[in-house]
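Engineer: Just passing along the structure, written as structure tokens.
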Amino acid sequence: MPPATGGGLAESELRPRRGRCGPQAARAAGRDVAAEAAARSPKRPARGSRRFEAAGRWALLALVTLLSFATRFHRLAEPPHICWDETHFGKMGSYYINRTFFFDVHPPLGKMLIGLAGYLSGYDGTFLFQKPGDKYEHHSYMGMRGFCAFLGSWLVPFAYLTVLDLSKSLSAALLTAALLTFDTGCLTLSQYILLDPILMFFIMAAMLSMVKYNSCANRPFSAPWWFWLSLTGVSLAGALGVKFVGLFIILQVGLNTIADLWYLFGDLSLSLVTVGKHLTARVLCLIVLPLALYTATFAVHFMVLSKSGPGDGFFSSAFQARLSGNNLHNASIPEHLAYGSVITVKNLRMAIGYLHSHRHLYPEGIGARQQQVTTYLHKDYNNLWIIKKHNTNSDPLDPSFPVEFVRHGDIIRLEHKETSRNLHSHYHEAPLTRKHYQVTGYGINGTGDSNDFWRIEVVNRKFGNRIKVLRSRIRLIHLVTGCVLGSSGKVLPKWGWEQLEVTCTPYLKETLNSIWNVEDHINPKLPNISLNVLQPSFPEILLESHMVMIRGNSGLKPKDNEFTSKPWHWPINYQGLRFSGINDTDFRVYLLGNPVVWWLNLLSIALYLLSGSIIAIAIQRGAQLPAEVAGLSQVLLRGGGQVLLGWTLHYFPFFLMGRVLYFHHYFPAMLFSSMLTGILWDTLLRLCAWGLASWPLARGIHVVGILSLLLGTAYSFYLFHPLAYGMVGPLAQDPQSPMAGLRWLDSWDF
């Protein structure tokens, strides 16, 4: 049988493998390869021919890159209004420009870059980004969209170069590039002010850099090796700095590095000193460097966002004291709690907020129909409470009464300032948490009953000690039932304004949910102290911000009319996501993957698992494969296995997540499945060509197969491109619609 054509076979088969073979074996293999090449071809190719071939490769890369940029920047300004999550990330870009502190569940790098792009392009940060559909009018938004499109455009050449390095096949790389260029989903995500194109840029940059430094394994500690290893670390920091999903590419690089070091450790031609140098290099470039850069992004984040804003309430009182404009910044308040003081009480668990009440009652059937008590994350007058003695209604602020401090173990009553109802509990069950007691506001003008009495305790203190504002960690124990005031962290339904549930738990185990501190403290009869001494250090701020983000991520729940989805929906392209417009008069953009691309990717994963298993079993059983088949098998198992691992790591963890999930979460995994498709079909076509036909026909089978896939992908993009670039006019059900007949699944809502 004649050999299959293309670079996938010979180069992958003859190239010295790293790890198991040491430098001496690699050099010997190199000499054998050179001798074999000289025997087959006595005359070296002309220098002009090699230059022409190299120029062709660069021209093809340039063409792929140009086509990617052209598709991403085409009609970038449309629609000139907010689409989907631009309302969040555009607003956060504005916060950076205005230096206003906010809270988000993702690390700050992506939003900082969006804000920087807006600032450099002339956006002044004054647009409100209130809701999807609001027109940008005179505000400059193209800089932020252009920045995201710029990074999204690099996904195609990055994938092209990654597959080219893994397979040594131009046709496999070209097919991968076509799949991503002509995918309407990747195109749509790249054209708006979102974190997704930034995240995927760093993921693909890390993947490409890892593959490149692996290819330099026969030249360790050379300048290219150090460059690609360091760039891998930088890209890992970038991916994690945009979203915590970046942990998945970190895991992939980590597994690759562990395997690499294991093979080096088993190479007896290497001294332990050399193995130690390899280990040190990877620790420096893949652990120390990413951590330093990741930490630096937070340092910049906290330095820029120095003004009080909507995110204050998610953080501790000490954190808020560092924000200018916050009522705790440069403030001086009474140090010790006294009767008659007006206070706010904040839960110490991150992202729980302030003890809060309002005039609305619990609905019928939810415990006693009394005033609601919740926790609320934002500053509000309904967070204010007056601390009073349990057995008297006299005004402690009367000048004729001496100041009386609240002490550990005192029996107190908390009266809500705005409604004059007392903090109250009883044996009725809490709204959401079974076996916990309901907490309400009860009484008229401070007059209630014995269920309003609470014993205040300072954690780890003795009876009689005064209670310090901000610094004392306190518990409120209900005198009648013996339960402890706390917050479950569960979000109440609409009747509770989606605030968090407050309960009284009969379980006395000490948790942050049931520990509070006094934050605001107003008492004209007491002297004040400065709060500057309470400002936290940078490590404390960094730790607190991560605790808040992790809790915020786990607590994300779907909002009304949101199109959430389940992970099993994603690979089959079951349901898209409406970016803009709902009727035939709106400019409609619909996030949906090109079905030809996505279903081909799904088929490819199944075929890879089947063919890869057959080849792996055959090799394990000692089957003697022809040289051409062995070379292609190695490309399939090693190159395909690497990208299949990437797909697995970026997809299956979502099945374990309790937070709300959306269709766009699958797109990093989709990048890897497209690379797998390119490698698989190029390899299978070469194997078919080798096994079924003579040399001329073999070349034709491979070329025709690749061309058919390229043309089919391009034609499907022609059919479905209105989803990405926007539609106006009849909906898909109308025969006059440009999408008529293309609604192949009933779940597609365009």
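Cβ coordinates come from backbone N, Cα and C, glycine included.
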Engineer: TrEMBL tags one of 24-41, 258-275 as transmembrane segment - which one?
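Structural biologist: Of 24-41, 258-275, TrEMBL gives transmembrane segment for 258-275.
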Engineer: Which sequence-distant residues neighbour the transmembrane segment (596-619)? Criterion: at least 6 residues beyond either end, Cβ under 8 Å.
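Structural biologist: For the transmembrane segment (596-619), the sequence-distant neighbours (Cβ-Cβ under 8 Å, at least 6 residues beyond its ends) are 179, 182-183, 185, 571-573, 625, 633, 636-637, 640-641, 644, 647, 670, 673-674, 676-677, 680-681, 684, 709, 712-713, 716.
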Engineer: Relative to the transmembrane segment (225-251), which of 142-163, 169-187, 281-305, 669-693 accounts for the most Cβ pairs at distances under 8 Å?
Structural biologist: 281-305
Engineer: Thinking of Cβ pairs under 8 Å, which stretch from 194-213, 258-275, 639-662, 669-693 has the most of them with the transmembrane segment (699-720)?
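Structural biologist: Maximum Cβ contact count belongs to 669-693.
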Engineer: Same-chain Cβ contacts of the transmembrane segment (281-305) under 8 Å, 6 or more residues past its ends?
Structural biologist: 95-96, 99-102, 107-109, 112, 221, 226, 229-230, 232-234, 236-238, 240-241, 250, 253-254, 257, 261, 538, 541-542, 545
Engineer: Which sequence-distant residues neighbour the transmembrane segment (169-187)? Criterion: at least 6 residues beyond either end, Cβ under 8 Å.
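Structural biologist: Residues 6-8, 57, 60, 64, 67-68, 71-72, 152, 155-157, 159-161, 163, 591-594, 597-598, 600-601, 635, 667, 670-671, 674-675, 677-679, 681-683, 702, 706, 709-710, 713-714, 716-717, 720-721, 723-724 contact the transmembrane segment (169-187) from elsewhere in the chain.
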Engineer: Taking the domain 'MIR' (334-390) alone, what is its mean pLDDT?
Structural biologist: 90
